[in-house]
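Here is the structure we will look at.
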Amino acid sequence: MGNIVLQLLAILALCIAPARSGWLQGTATFYGGADGSGTMGGACGYGNLYDQGYGINNAALSTPLFNNGASCGQCYLIICNYDKAPSGCRMGTAITVTGTNFCPPNYDLPYGGWCNTTRPHFDMSQPAWENIGIYSAGIVPILYQQVKCWRSGGVRFTITGLNYFELVLVTNMAGSGSIASMSVKGSSTGWIQMSRNWGANWQCLAGLAGQALSFTVTSTGGQTIVFDSVVPAGWSFGQTFSTYQQFDY
């Protein structure tokens, strides 16, 4: 117990990201290759994680953590539980990762494998995982907590779809990192409630082409921001629009 207490004190002294929850127990593996290139894309819909502001410190989340995509973009501070696996852990180190993908159960394995439907498990990019674990260990017990996300620049909106179907991908979100609810307003409409389609993609079934668009986004931390006329009237499907606004929580 003494080792883990000392480790936690050292980590807490180093961490500048304020915790959003207490320490919880879980496990972690890695995927995506030594350069992490295999982690690009994923079930949150972010695509190239470098372009979208997330980088290589990312993880695929097991079912209870992924929460059907509601946790996409959330940040987690992770340390290896040295007391449980001294031969597999790097003592005194920590890493903050963003949830960018889903780690599904493998029903060819007993109980669905490491990413089963009840286990809190992070399948991290290999470069991120090797900050806390020894490569030969493969899987390690961890302690984790959700923390505030820090991003460079403002929130971004990418619009895809066709005709009366708009699909909006929200990226580079700081604070809690994830969306609780979202609405859109055209220059000729009132506010229209959107719904999650998949991952960080939110949908609207309305004919908004040719209109300037505004968004209201409420984070899972409870902060609401209105992005007024962030999309000009001449927009086209496939475009990304950057803002100067950002979430604190």
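Using N, Cα and C of the backbone, Cβ positions are placed for all residues, glycine too.
Keep in mind the model is a prediction, meaning the values are calculated, not measured.
Per Swiss-Prot, the features are:
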type     : residues : note
DOMAIN   : 41-154   : domain 'Expansin-like EG45'
DOMAIN   : 164-243  : domain 'Expansin-like CBD'
CARBOHYD : ASN116   : N-linked glycosylation site
SIGNAL   : 1-21     : signal peptide
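Predicted-model confidence for the domain 'Expansin-like CBD' (164-243) is 97, expressed as mean pLDDT. In the domain 'Expansin-like CBD' (164-243), the DSSP tally of helix, strand and coil residues is 0 helix, 45 strand, 35 coil. ASN116 (N-linked glycosylation site) carries neither a helix nor a strand DSSP state and counts as coil.
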